[in-house]
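These come from TrEMBL:
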| type | residues | note |
| --- | --- | --- |
| TRANSMEM | 45-69 | transmembrane segment |
| TRANSMEM | 81-102 | transmembrane segment |
| TRANSMEM | 108-125 | transmembrane segment |
| TRANSMEM | 132-150 | transmembrane segment |
| TRANSMEM | 162-183 | transmembrane segment |
| TRANSMEM | 190-206 | transmembrane segment |
| TRANSMEM | 212-233 | transmembrane segment |
| TRANSMEM | 245-269 | transmembrane segment |
| TRANSMEM | 275-301 | transmembrane segment |
């Protein structure tokens, strides 16, 4: 069993390196394809198939799609078809395993692929070359893992009896369904489960019927990953995850009902076209056919499903902000875009608070608590993003977001303190309060227009305001004068913090596409306290 775990680990490591390398090598080109080539259902489906086939990860495509929907670059209905396409695109993994793992022998080239890939990863002249080297090494490790799985299964032929398991369950299809689901849930990778299934059928450890049902089970098991991704996710992420679950479950039910005629038809087609009759090829074709069949079923069902999912989740009920989703924290380009967009929204929310209303006894806005919650969520999101290696541009962008968040937090605290002051006792002499209200309007205009010249005049007027309040206190003997002065001081601090935001470019700065240096997330720790 230890040998089996090692072989599976080798395969998973190879798949991870291949996926990460292809994602990084593709870079913004793949994001551009997803973001622009999804204007219709057919184009969204094609984009999902193509990008998933290129990066070898439906999860990565799902995460990127969530980011585009959150940023309003793609509608939910468009994104659903990208997800359907990614389910079909992920069948390419089975084709790679079948054609290159079992049909074409790459044993002689495996070490060469790993060696060349490692050399490029260490000595590559650019990020793209190093990423391609990572993918190449992953490709070699993946097929080394398949070879190790074949050898291990050959040695376990007498120890594992799947036929007895089928007999115990009472039905080979049900046994295969359970086996495929369990393997996918345990490995959290449908690709790994399908590789195990194909290896088992190639070494005659599993029957064709059991293997076919097992790949259907792998489709069901992969929904566990989607459901886990909904924890702490945005409403859009939840909708997409459940669309993925519904698609896979509907497809699985239909595939199980039609499994016998589909296998018969595939066998007839192989004989007619004089293909080599191999169980692994039959299972791979079956895997692709029933996923395509599921897409055809969704053509009439998708409009109602999308309408239902759009009604199901309300952003207020999810308890999360509109842009931030832990799923997209894995992709720095999308994560920085989401953080910057969320920062803009919080900035606009705090600007919308009327300073003059804060000094009215009957008008105490509750928006400050919501803003504080949003800032806390933003900071947690950036901290999650900082757990991975970042380019210098990404680290700089996240640092700027944290600095701007710090200023917004200070400004929001000033508003909360103003709101807590008791200014009602000055009502018997309205002149100090009237002067304060006029200056608050002046300060708010400065914040709204980000006018430094107007702020210079406002500071002069602030000094006049303090002198007027103090002079009035001497004449009238107001004991509550401290609250008026404190309110003016807090409003001044609020304005200063808001003006500081204009010294940063994080609200509109695009990320550099030509950056080639990487830094660790330690750079994010030097933010103001």
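Each Cβ is built from the backbone N, Cα and C atoms, and glycine gets one as well.
All TrEMBL annotations are machine predictions without curation.
Counted over residue pairs separated by six or more positions, the transmembrane segment (132-150) shares fewer than 3 Cβ pairs under 8 angstroms with the transmembrane segment (245-269), which leaves the two as not touching. The recorded stretches the transmembrane segment (81-102) and the transmembrane segment (162-183) do not share 3+ CB pairs below 8 A when only pairs 6 or more apart in sequence are counted, and are therefore not in contact.
Remote same-chain residues near the transmembrane segment (275-301) are listed as 45, 84-85, 87-88, 91, 94-95, 97-98, 102-103, 194, 197-198, 201-202, 208, 211-212, 215-216, 219, 247-248, 250-251, 254-255, 258-259, 262-263, 266-267, 269 (criterion: CB distance under 8 Å, separation of at least six residues from the stretch ends). Residues 192-193, 196-197, 200, 205-207, 209-221, 252, 256, 259 of the same chain sit 6 or more residues outside the transmembrane segment (162-183) yet have a Cβ under 8 Å from a Cβ within it. Same-chain residues lying 6 or more positions outside the transmembrane segment (245-269) and placing a CB less than 8 Å from one of its CB atoms are 83-84, 87, 173, 177, 208-209, 212-213, 216-217, 219-220, 222-223, 226-227, 275, 277, 282, 285-286, 289-291, 293-294, 297-298, 301, 305.
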